[in-house]
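*Asks:* Pasting the feature list from TrEMBL:
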| type | residues | note |
| --- | --- | --- |
| BINDING | T124, G125, R163, E190, R191, H192, Y193, K201, R217, R218 | substrate binding site |
| COMPBIAS | 434-451 | compositional bias 'Basic and acidic residues' |
| REGION | 425-455 | region 'Disordered' |
| SIGNAL | 1-22 | signal peptide |
| SITE | H284 | site 'Transition state stabilizer' |
Amino acid sequence: MIKTIVFVFLSLTIYFEPYAHGFVQLQQRHVYSLSSRGELKVTPQENEFTDDNSIEEYSRCLSPKEEKAQINEELGFKQDSRLKRSLKSMGRAIKSSFQERKSPGTLILVRGGESLYSRNYTFTGWLDPDLTKDGVLQMEHSGRLLLESGFEPDVIYTSRLKRAINSCWAIMQEINTPFLPIYKSWRLNERHYGSLQGLSKKKTAEEFGTKTVQAWRRSLKARPPPMTQADMTFPGNDRKYSDLLPEQIPLSESLYDCMLRTEPLWKFIKKDLQKGDNVLVVAHANTLRGLAKIIDDIGDDEIVDVRFPKGVPFVYRFDTNMDVIKPQEKGLSQIHTNGEFLEKPGLLQKAMKSMKEWDSQVPGSEDIALPKVAKRMTTVENALLKLKEEKEFYSTVGNQFEDNVEESDNDGEVILNDYSSNVLDSNLDEKDEDSDRFSFEEYSSSEKKDEMSDDEVSVNVGAPRLVDDPVVVFIRHGRTPHNKLALFTGWEDPPLAIEGEEDAKWAGRLLKKHGFEFDVVYTSWLYRAIQTAWFVLEEMDQLSLPMIKSWRLNERHYGSLTGKSKKMVANIHGEEQLKRWRRGYKIRPPAVSSYSFHYPGNDKRRIKYVKDIRYSFTETICRSFEDRKLSLHRKFPKCESLFDCMNRSIPFYTERIVPEAVSKGKRVLITSHENAIRGILMHLCEIPEECMNDLHLPNGVPLVYNVKRKCISLLDDGTGEDPLEKYDFGSAAQYLFRPCEIADDEDWYTG
């Protein structure tokens, strides 16, 4: 048995040789496929459209082999030799012989929640209102139904409309999968209602007649009156559709037109299903009808009878031939379809109606709100947060009763020496000067650090010229409960605290104030960074942008220190050892166990997406014995030094973000973590290694890197305060804020 495993592993090592050294160019399709389905702009020459085999470049679903060939071609790499290709083929054959054929994945269709316009009975179409509170509740209910039924999506498709994207976000938060890739396609947009968009359905019926309006709404091929290109709401004027050809932007659509528009995307959803991935499609009533028409081969006359209620997922299962499996007799299906509802349609609407009736009968009940707290707090976080609140309470009221303490029946007064008294007093003081809590990914205060360098530092305050200058904006994620408690966070995945959400929203409002418009967003796989990106884009009204999520932008992995406070670690390992782990550039903390909760390789939700980490011999052997079959396992980090963290974030920026976006003049937003951003800034600003621990990044403050001028600037927030007085950037700020390289004929915009 051991010989067999060793032979197979060595063969696979030959096959996976390109993955085993450095940071290779081949990235995982779902995480990094900006060029394949990231919706970048394409020219008409690149986007030739044919009737039988038509799909835009952004929607192409490349295999890993095709992805690698495309990347190698872009970067000028040579093709592998014939011998190497033969060895790879042999490796693939051996690998396939040990792998079972995957069953097709499950397709889950969810109609987006109620929007502001649908509540007012307004023709919506391609207009972009947000969800109502009821709409969010509907999507959260959908997420809970998925959890109850055990469905775990692997990839999500949605439209470019805000109400559908926010519906995805509500579901992802409910099922705890914010790291999933989301593909935002205009082909899943709602039907375009032409000049009726924005008009009241009731008033339109009074003007044109009920029969005419019902024909526009319900018949298969009747189109409403078209809008003109001079209309303010014409999609061609919206930046989110700038990659489409003029003939692809509708002026009006029938139900049949809308379904035809959806059809090309089905080919790529089908590929995902064939690979065994569960696909979640969150879209609109008419585009979901289009998918159902294709899957169930529903006739033109019957499709108008198919309905998709809000908040109730509709599930399709497939056999190995990709034929739909009919639901059981007791299944909740609907006419003309072979899918199944996860709940009886109408129950949710009745429950919400009952809640509204209760609110109307009980005065003030609608104003009762539960206290807003951060989700998914751990036991340690909860306990330490309560302890912190108790200490703050003691420090506030303790002195008030100091002179009025009565004698009590106790064992006598405890007399402390001077040193112990000072320690206790300092612990009660929330401004602990010795906390030194900025060295790791922890809370960054607005107070200026006393040990600031004596060198004069001048910060560029303003914004680059918004038309001409390509920029990369870095934002460290908002504050988390871990930050507030000074816990080592690393790859642990807490959400943003309430203050952290405000950090992210403030950054979004500031960027919007200065007129920023991004083309693509990069973030880590960790919830706090993804949340930050989401809140920033929501404030900027740019949720339709592609968001690329990569583990290479994760925070430094703190090994067995993860989840512990400085005080815990100092008590266990000593102050001197703690300082070495915190201050050493290449010193790693103790590694976490392979079977620890904090080891990334045990998170089965994420490991399926990683393709750019080499395989681990020891982990593969151990897990193969445990599973009693060949179980390949990649070499995930068990701990990292600051050098290790930067050694993955810098190559990701130089080898992926730069050729994919920066070099093409794209405006890039990166929301990540302190140490990952530190690494990229070290590369861009030529910060010496010995000064890296002296660079501090405040939470939620946009750092604007001007690609042409090669400098970092801050945006004017209107307060008139000196940024170096308001924020703590550490003594390495002199390297971060070097003068810009500005030509004589160029001006700096400070508005």
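Quick reminder: no glycine exception, Cβ is built from N, Cα and C everywhere.
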*Asks:* Quick one, of the recorded positions R163, R191, R217, H284, which Cβ has the fewest other Cβ within 10 Å?
*Replies:* R217
*Asks:* Relative to the Cα of H284 (site 'Transition state stabilizer'), which of the binding-site residues T124, R191, Y193, R217 have a Cα no more than 10 Å away?
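*Replies:* The binding-site residues passing the 10 Å Cα test are R191.
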*Asks:* In the structure shown, which of the binding-site residues T124, Y193 has the fewest other Cβ atoms within 10 Å?
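*Replies:* Selected from the binding-site residues T124, Y193 on minimum Cβ neighbours within 10 Å: T124.
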*Asks:* Over the residue list T124, G125, R163, E190, R191, H192, Y193, K201, R217, R218, recorded for substrate, what is the maximum interresidue Cα distance in Å?
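*Replies:* Per the listed residues, the maximum Cα distance equals 22 Å.
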